[in-house]
Amino acid sequence: MTMTNRDDSEQLAWDFDAPESDGSSAAVVADEGLASLTPGSERWIAALQPTDADAMRLDKVDVASMSAEAAARLWARVAAWVESDQIAYYIDDAPVSSDAAYDARLRCLQSLEAQFPSLDSPQSPTHRVGGTFSNDFASVRHPSRMMSLDDVFSIEELREWYDGVLRGLDWPESKPLPMTCEVKIDGLALNLIYRNGVLEQGLTRGDGVTGEDITLNVRTISTIPQNLAGPEEDIPEFVEIRGEVFMRWDDFNKLNAENEDAGRAPFANPRNAAAGSLRQKDPRITATRRLSFYAHGIGSLRWGAGHAGNGHDVVNDQSEAYELYKKWGVPVSPHNREVTSFKEILDMIDYYGEHRGDIEHALDGIVVKVDDLGLQRSLGATSRAPRWAIAYKYPPEEVNTELLDITVQVGRTGRVTPVAVLKPVYVAGSTVSRTTLHNPFEVERKGVLIGDTVVVRKAGDVIPELVGPVLERRKGREGELRRFVMPTRCPSCGAELAPAKEGDKDIRCPNVESCPAQLTERIINLASRKAFDIEHLGDQSAIALTNPEEDRPDSIDTYAPNITEIVVKPGEEPEPYEPVAGLELPPMQTPVLSSEAGLFSLTSADLKDVRVWREAPIIEIHETVGSNGKIKKVRKRVGGSGLWHQVPAFWTAPTAARKRKEADIDETAEYPQYVVPDDAVVIREEIKVSRGGTSSVQPVYIRPAENTRKMLDEMDKARHADLWRVLVALSIRRLGPPTARTIASAFGTLDAIEHASVDELSQIDGIGSEIAESVVTWFTAAREPGNWRGAVLDAWKAAGVGVGQAQASGLPQTLAGKTVVVTGSLEGFSRDSAKEAIVLRGGKAAGSVSKKTDWVVVGENAGSKAAKAEELGIPMLNEDQFKQLLDTGTVE
């Protein structure tokens, strides 16, 4: 084990504001848990747990290198968990694992059975299409087997399947192969049996051979016809129509709203809601749940002897079957496409990957099928799935993880918010480790306990949401769980917490002036793009300015001033730390900023001695052979050491001056032989002796870090910020950029706004009474003698901030009087710049969709606002149409 001491490459606080690497040092990779054991080893198998996190590690197992005994042990453990997952999902309608975890376990079993055929048997969970049926409904044999689909999770796997189909059919790659692409509905599979055009039975998929008879419930679904439409000669004697029962997003939201109004627990997602509704013992309950159905397959089809030759539609392929269904009045997904190349398949995947939140139901992938039914028969099937179809699964938007803790966070206006601390989990393209719980009432409503397995969703938005607990995972763990208790005092300053007024759900810290957490958040706000836009003044540097002792250790037992990292070998534990005799904690620092008032008077000299606390990481180093055959060392961060040291926040670590070339020696300089930057401060001198025996004095200096210099330059530019940006920077409650811009435009000067009344502000279009009262309350308080707000205004005005006239937009007012909502992400605009573009052209950039909305701009990963616009019939625009709207005020 090696403890790395401080050196001249000491890390600055800036490294935490801007974590980009220049590639000059080895990457440090986070890891935990089973990672210290070899995947597939005896110890690894024994340590494996039925958690989602451990399920995702199964993909790392090299099955080919395992012994038969180890493979059998792993198969037995994983098979038991898969079977439990199937029962929970298909029978109990109460899944305990995320879809991603279930898929990973199933893939592991399939790999083991392929490598060790003795593990494969008809009883394996891999051959079971769904769960075995429960005893609540009569079991009925399907007239023809109802199969599931194999899943793939990458484009490479999809390409392998596609090439396998071409090989299986001996199909030339240059010849178009007709296929269908369909969105994979996240619902429940259903087999509808019609005899002579009359609905006879509705069966769940069950295990694919036998399903549950839920006919009475099926008859309550309004989109499923009781009788097939069309002339008698086009109605078959017998047909099985396969499809999916699901709940539309709008119906799901209505159902949950009704549940909450009635004091019932809301459903976690539409799939669970549909499952619970379809398998109700009382069909009258199912009838109230607004279920929907789309057909996506065909089973047995017999036209019967009574049909004259060619008197009915011949069904040769999948797409023809869908056209026939439409004639019969059976709904088919409007999102289906016919394709003839792999590129067109990828186009479909890309399109719905970007528009997952835009359609009427939840989806988790794209299903690709060979269109020709004759070719389907040629390709055949495995024991559980057809070879002529595949399901490409998108990264999950909803996963399970562990709720490690609930902490509280103090915002810039004093609002104290519970924050869920999660075991890091990958969801919808990024790793999530924290998410807001809004207020203590929301924690109570969701019913989560610290230690719970919880569902995390990130659908249609960049902000993750904690949906609720997985109640099945509480069994046997009740003693490990605890309730969240909202603190009664501010964790930052100790002030007593309370609602701002009676009836408020939000709890606030009243110590607005002196609470370090509130000041830090206000500094972060004023530096943001929506206010002064001060680059390089990020979260960590704001903390360094306002609360540099935030992570100060409680005692010398965890103070290690000379240890910046601890290096261990694989499997090695760090040695216990013993502080040296006589070690004392450094004196407490006084923050550079105690108020926003001092921001524009900051100099680099003020920042010279600011230091912040950093925890020394534990770094595991192991050797591996690179692609060039050479041995290289790989660094992996395996956790924090619990030992803390200080680093300079804004100035560099001590640096030895670079020696000048002989021709560049400057005899007029204080150190003729060395280069010392003009802004450097020499902190010591060292005697250097050359090989020839001559000596020189080498200075060692510190200087403002490059990002510090840039930050101060940006602060200087911010003195001339637009008036509306100054208003946002003041952190007035409820006042955001759009309303700040409107007020600045209406009054013209900061002095006029300071003395405006509630009535005067309320008369401005788009300014409600609550915003008007917030503005007047803030400036009224600022006029009181000794009030910190007044001190901020006076200091900023003295620095030249906010003293100019509001600049009118020189752009044509193409959107005057119009309301535009932007949802999702756009390529050419950030969310704020899109709203700014609307406001600069006279429009209102609203945050929600209503009947008063004129247009909704829909970008990538748009959420419920797009669905709301569709429901209200409001025109929806893509990015190109949005640009046209900005230029002309109309869209062709």
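From the backbone N, Cα and C atoms, a Cβ is placed for every residue, glycine too.
Swiss-Prot has this to say about the protein:
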ACT_SITE  Lys184  active site, N6-AMP-lysine intermediate
BINDING   Asp99, Ala100, Ala101, Tyr102, Asp103, Ser148, Leu149, Glu182, Arg205, Glu244, Lys369, Lys393  NAD(+) binding site
BINDING   Cys490, Cys493, Cys509, Cys515  Zn(2+) binding site
DOMAIN    810-892  domain 'BRCT'
REGION    1-23  region 'Disordered'
> If you draw a 10 Å sphere on the Cβ of Ala101 (NAD(+) binding site), how many other Cβ atoms land inside?
Replying inline: 24
>> How many Å separate the two farthest-apart Cα atoms among the NAD(+)-binding residues Asp99, Ala100, Ala101, Tyr102, Asp103, Ser148, Leu149, Glu182, Arg205, Glu244, Lys369, Lys393?
In response: 25
>> Looking at the recorded positions listed here (Lys184, Cys490, Cys493, Cys515), whose Cα lies nearest to that of Arg205 (NAD(+) binding site)?
In response: Lys184
>> If I restrict to non-local contacts, at least six residues apart, and a C-beta distance under 8 angstroms, what lies near Lys184 (active site, N6-AMP-lysine intermediate) in its own chain?
In response: Leu363, Asp364, Gly365, Ile366, Val367, Ala391, Tyr392, Lys393
> What does DSSP call Asp99 (NAD(+) binding site) in the simple three-state scheme?
Replying inline: helix
> Among all the protein chains here, how many other CB atoms are within 10 A of the CB of Arg205 (NAD(+) binding site)?
Replying inline: 23
> Of the residues in the domain 'BRCT' (810-892), how many are helix, strand and coil by DSSP?
Replying inline: 29 helix, 16 strand, 38 coil
> For Cys490 (Zn(2+) binding site), which residues of its chain lie six or more apart in sequence with Cβ-Cβ distance below 8 Å?
Replying inline: Val410, Val416, Glu496, Leu497, Cys509, Asn511, Cys515, Ala517
> Cα of Leu149 (NAD(+) binding site) to Cα of Cys493 (Zn(2+) binding site): how many Å, rounded?
Replying inline: 57
> How many Å lie between the Cα of Ala101 (NAD(+) binding site) and the Cα of Cys493 (Zn(2+) binding site)?
Replying inline: 42
> In the structure shown, with every protein chain counted, which of the binding-site residues Cys493, Cys509 has the densest set of Cβ atoms within 10 angstroms of its Cβ?
Replying inline: Cys509
> Which chain neighbours of the Zn(2+) site, leaving out Cys490, Cys493, Cys509, Cys515, have a Cβ atom within 8 Å of the mean position of the site's Cβ atoms?
Replying inline: Val410, Gly414, Pro491, Ser492, Gly494, Ala495, Pro510, Asn511, Ser514, Pro516, Ala517, Gln518
>> Among the binding-site residues Asp99, Asp103, which residue has the fewest other Cβ atoms within 10 Å of its own Cβ?
In response: Asp103
>> Please report the distance from the Cα of Asp103 (NAD(+) binding site) to the Cα of Cys493 (Zn(2+) binding site), rounded to the nearest angstrom.
In response: 47
